[in-house]
Amino acid sequence: MYPPSRKDFISLTLSDQHSQNYNNGKHRRQSCWRKWKQLSRLQRSLILFLLALLLILGLLSYSSITEHWRGLSDQEDWLDLNDRELKAIPPGVKPVLGQAAGKAPAPVGGPHLRLTVVPDAAGEARGPNIPILVKPPVKKKIFANKRGPPSLQRDANVSDTVGREKQEQVVQEEEGEEEEKQKKIVSWRGAMIEADQATEPPPSANEKEAAVPPAPANPADTVPLEVSPETRERLEAVCDAFRHAWKGYKDYAWGHDELKPISKSFGEWFGLGLTLIDALDTMWIMGLKEEFAEAKTWVEKDLSFNKNVDVNLFETTIRILGGLLSTYHLTGDQLFLEKAKDIGSRLMPAFKTPSKIPFSDVNIGKGTAHPPRWTSDSTLAEVTSIQLEFRELSRLTQDPQYQEAVNEVMTLVHKLPGKHDGLVPMFINTNNGQFTHKGVFTLGARADSYYEYLLKQWVQGGKTEDNLLEDYLEAIEGVKKHLVRQTGPSKLTFVGELSHNRFNPKMDHLVCFLPGTLALGAHNGLPGDHMDLAVQLMETCHQMYKQMETGLSPEIAHFSLQASDGSDVIVKPADRHNLLRPETVESLFYMYRFTKDAKYRDWGWDMLQSFNKYTKVSGGGYTSINNVRDPLSPGPRDKMESFFLGETLKYFYLLFSDDMELLSLDKYVFNTEAHPLPIWPSPPK
């Protein structure tokens, strides 16, 4: 074997004033390359594998650290919201109650707290399960991330909390830079949505400036809040009631309109999943994440309005259109807005009448509309209680046709002769646009929500539409003048009916919406005697429950005007049924929000216990009953109306919640099916 030949090198350094120093770096690199080439293929593969493994581990570690400090939501997010990035709050920030459910189950059957950062004023925990959104920044990168349903007011109603100010500043600055890089935009109260998902329309000819739709609250990071044992018990009871009702619906009526809990079957009205859609926002508010997720999946995959079916314009608007719009606002999920636009456009043929007073029925598949078979009249409440929903649809879509159609109805009714001190008849003709069946005035069925929507449209539109306010104030004066009376035995104040100048001491349970509506008006600056009447009527509605043997109100009550009579409330045999209606608990919610009088909560608690005792079905669901006067045999009717989940249980939950910012009545207006819609921002003066 020959030894390797030796090569000698002579190193010369040649330089001048312009040259650079030579450091032999090139030869070092060549030497390293020669050593690498001398390694076997296996050795080189192992080295490359180890380097790749170290690189992957480094990236994973970096990602974990970034997620920890930036609060990015992980794969445990309970709801897929059409590719939106749900953003959690960094650790170390004090909790503020939130609406959506979180990861960690709270002991109150669904209520959870939101971790949040509040700008310029520190947040304070208020009560379980409150939706909170952030207040929008004004040309700043630093913003809050107050999660939950958005509001439309500029300033957050929060109190200072000691020790949060420095934490907020740091987190706000970090999040502001991050969001700037990710090209986010901020909704009314700072809820984050992707820039390419923004749907804020510019103002239409007849509208205020449209608000940016909110992004969903991230339910991932929550912590339980200490609440009083009483509040905990009551909220837990409401959530349990909802879960029990939902179990029956899911097991026996999934995707159908109504549950028949006794026969363990379903009833179909329109075939559009009324109960499911009516309950969407209730589940979101209660934080029932699993139930909401499965319902959303059904809406996405199975809900179709392309059906050859006649639907009632009013019921479809308040339950389906209202429910979809409300859920869209609470979650920010475009799915619900797209479905709302679909059903809204399919309802528009109802307005193609000679008078512009809409027909009662629409075939949403064929695009045709017609009145009921027996008459050419429409019910006044039905044609004047669809405005909140269609106005909001126009605001979101920048399509004025919806608002123009319903505004024209209100304009026509405003000018019509045949009113009686602001009170209106129950029917209106779709051909000539005139009142029919004149001389009969009631705040019950077929007229009730006309009065409710006069006030609520005025509130929704920023208190600028004077005709609506004028009609409402005149109507309340007419109610006080012609319909309000007191019972003989206990001096209970009630609202009766007028038929061709004859007073009838009959009051539907539906009329129990009125205390809440009167209180809402007084809260918005209307005369103080409206609140006085609200307090009196609330007591009467409570007595309609308390004086019944089951603790549940009849559908219709008559009142004794004679002092010699032993009872204030008289119930005829045909009126003894209870349909699980929400009007009384709805008004209790308003009364408690505005007065903070705990008796209204106590009354509601008694009502909930009676519902559980006499209407709960063991296999799942609740049923309406035939006889509220017979606790031994109340007679189940085998039907659970969709509004039990959409309204009754929702109002119970809101009544018992400690947080006044949970769907604040300064930021939301509820439609007549208890679906909250945002109050529009006031126009600049």
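Each residue, glycine too, has its Cβ placed from N, Cα and C.
Automatic, uncurated: that is what TrEMBL annotation is.
Lifted from TrEMBL, the feature list:
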ACT_SITE  Glu315  active site, proton donor
ACT_SITE  Asp448  active site
ACT_SITE  Glu555  active site, proton donor
ACT_SITE  Glu583  active site
BINDING   Thr672  Ca(2+) binding site
DISULFID  Cys512-Cys541  disulfide bond
REGION    143-184  region 'Disordered'
REGION    197-223  region 'Disordered'
TRANSMEM  45-65  transmembrane segment
Out of the recorded positions listed (Glu315, Asp448, Glu555, Glu583, Thr672), which are within 10 Å of Cys541 (disulfide bond), Cα to Cα?
Glu583
Any same-chain residues 6+ apart from Asp448 (active site) with CB under 8 Å of its CB? Would you list them in sequence order, or say none?
Ala381, Thr442, Asp508, Leu510, Val511, Phe513
Of the recorded positions Cys512, Glu555, Glu583, Thr672, which one has its Cα closest to the Cα of Glu315 (active site, proton donor)?
Thr672
Candidate nearest Glu583 (active site) in space, where candidates are the recorded positions Cys512, Glu555, Thr672 and distance is Cα-Cα:
Cys512
Nonlocal neighbours by CB distance (under 8 Å) for Glu555 (active site, proton donor), same chain, sequence gap 6 or more:
Asp508, His509, Asp575, Arg576, His577, Asn578, Leu579, Arg581
Where's the emptiest Cβ shell within 10 Å among the active-site residues Glu315, Glu583?
Glu315
Once near-sequence residues are set aside, which residues in the chain of Thr672 (Ca(2+) binding site), 6 or more away, have Cβ atoms under 8 Å from its Cβ?
Ile318, Ser385, Ser449, Glu452, Tyr453, Phe513
Taking the Cβ of Cys512 (disulfide bond) as the reference point, list residues of the same chain whose Cβ is under 8 angstroms away and which are at least six residues distant in sequence.
Leu537, Cys541, Met544, Ser553, Glu583, Thr584, Glu586, Ser587
